[in-house]
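Per TrEMBL, the features are:
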REGION    357-412  region 'Disordered'
COMPBIAS  371-384  compositional bias 'Acidic residues'
COMPBIAS  386-395  compositional bias 'Basic and acidic residues'
COMPBIAS  396-412  compositional bias 'Acidic residues'
DOMAIN    416-494  domain 'Recombination activating protein 2 PHD'
BINDING   CYS421, CYS425, CYS448, HIS455, HIS458, CYS461, HIS484  Zn(2+) 1 binding site
BINDING   CYS481  Zn(2+) 2 binding site
Amino acid sequence: MTLQPLTPVNCAGLLQPGCSLLQLDGEVLLFGQKGWPKRSCPTGVFGVRFKCGELKLRAISFSNDSCYLPPLRCPAVCRLDPYDGLPESYLIHGGRTPNNEISSSLYMLTMDSRGCNRKLTLRCKEKELVGEVPAARYGHTVSMVQSLGKTACVLFGGRSYMPTGERTTESWNSVVDSPPQVYLFDLEFGCCSVHTLPELSDGQSFHLALAREDCVYILGGHSLTSDSRPPRLFRLRVELLQGSPLLSCEALETGISISSAIITRTGPSHKYIILGGYQSNSQKRMECSIVTLDEKGIHIEPLEPPKWTPDIIHSRTWFGGSAGEVSILLGVPTEGRPSQPDMHYFYQVKFATKGEGKEEEGTQGCSQESTDYEDSTPLEDSEELYFGREPHELDSSDGEEDTYNEEDEEDESQTGYWIKCCLDCQVDPSTWEPYYSTELHRPAMIFCSRGEGGHWVHAHCMELSETLLVKLSQGSKKYFCLDHGGLPYQEMTPPRQVLPLKRTPMKVKDRKTPTPIKMSPAKKSFFRRLFD
């Protein structure tokens, strides 16, 4: 087990608590931070790369038929292994946006294609749920179960805003535990059903959920009602019978007092490693555990943790996620040290599996280099690999030109995010708060095409809805602000339509049809024998 410090290369501001790390087609993806964090990455999804002690991010694009994926923090994320001919994918449900809106949508993220230079393109689709749909929440879990040849998703826990009738001005943004109900839904039709079990009496959030076949193990979690983290462990069994499913719950005695932990998989088997989390509001959980699921149930054993650095030991909070099998990305705050320009320290925790201990010792300083697909060189000199590539793609062996760089963006003081865009502009840097889900540290702006050279205006001052703002940013349409006509948007000048020429066939004068030759059967037989 190794703990390697990482140096973020011009991307430290994008990794914040509440982020999610996904693994699709061998790549680690960062999701859940600033929506449109910079103009170079409109999707807000980045590819994470570790190389020689450096942490780099690379912008990931979506396919043209993808839907808009808002920046969601602390959502329920479930990995779906390939089954029934479907590719590997991720389910993303709920989550909290930077402007404190809680989502109730369900998204499916899959790989769309790989370009000729191995660039990854994703496809995002929103799945519609019907029936007893779960309310908006965050800090919950979604798991996939298989029973009697059928599959279903199990949703449990989380936090949500107080009911509308109980919210007051003072407690408008107060959150409570979601009711301890279990939701089942299928991905094919989106039908949802809710189930109440007597064993689940208290709500909990930021717990762990591990699934194997028809069982889901719910481990730990935090309860807002009692402000505690009891050592709970439940085994939820789901039988997908014909007609209506049958659910049963059993409380086990081998629970762990933990919340907000990081879990990583050690291979294709149901074996996991738990790291991090909290035992109380002021105490981190510094131990590690290895969890195994088999036919007999769940087995939790202690695992020797890495040698923590003083920064990790003395930090009050930490966060991170799984960066692939037996690998974890860990972040701790710098605790306001003026000598540190970045807000967080980052580390990569590598757990050595059997037979890999000696190999890890020789490649510790640059452990990820051998797994980087740009550096693999089989068939590198083969000319057919370059067919169809553009000239500028032939030298992208390391992908450095695609690496995200915060310094490449324009300075706020030069782009004028806080200018007075119109006569009724109400944007004040001292009192501004995010209005759209795509905003975080500065207001969203849109370009007005009227006037000499055009000018930028605030989208909120123009009274644009978020749907219209997204549509204008994705399409090729000109926008006119309220001071220049007040049109919400105007289509570009359509191209001139050229009517196709009518080609009438030319008639040949005095065309004579060939006279058919009449031959008797005897003559036909003679000519046939002659030419044969």
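Note that Cβ sites are derived from N, Cα and C of the backbone, with glycine treated the same way.
A straight line from the CA of CYS421 (Zn(2+) 1 binding site) to the CA of CYS481 (Zn(2+) 2 binding site) spans 10 Å.
In sequence order, CYS421, CYS422, ASP424, CYS425, GLN426, VAL427, LEU482 make up the list of same-chain residues 6 or more apart from CYS461 (Zn(2+) 1 binding site) whose Cβ falls under 8 Å from its Cβ. Cβ proximity to the Zn(2+) 1 site centre (mean Cβ of CYS421, CYS425, CYS448, HIS455, HIS458, CYS461, HIS484, cutoff 8 Å) flags the following additional same-chain residues: CYS422, TRP456, VAL457, MET462, CYS481, LEU482, ASP483. The local packing around HIS458 (Zn(2+) 1 binding site), expressed as other Cβ atoms within 10 Å of its Cβ over all shown chains, amounts to 23. Recorded residues HIS455 (Zn(2+) 1 binding site) and CYS481 (Zn(2+) 2 binding site) have their alpha carbons 9 Å apart, per Cα-Cα distance.
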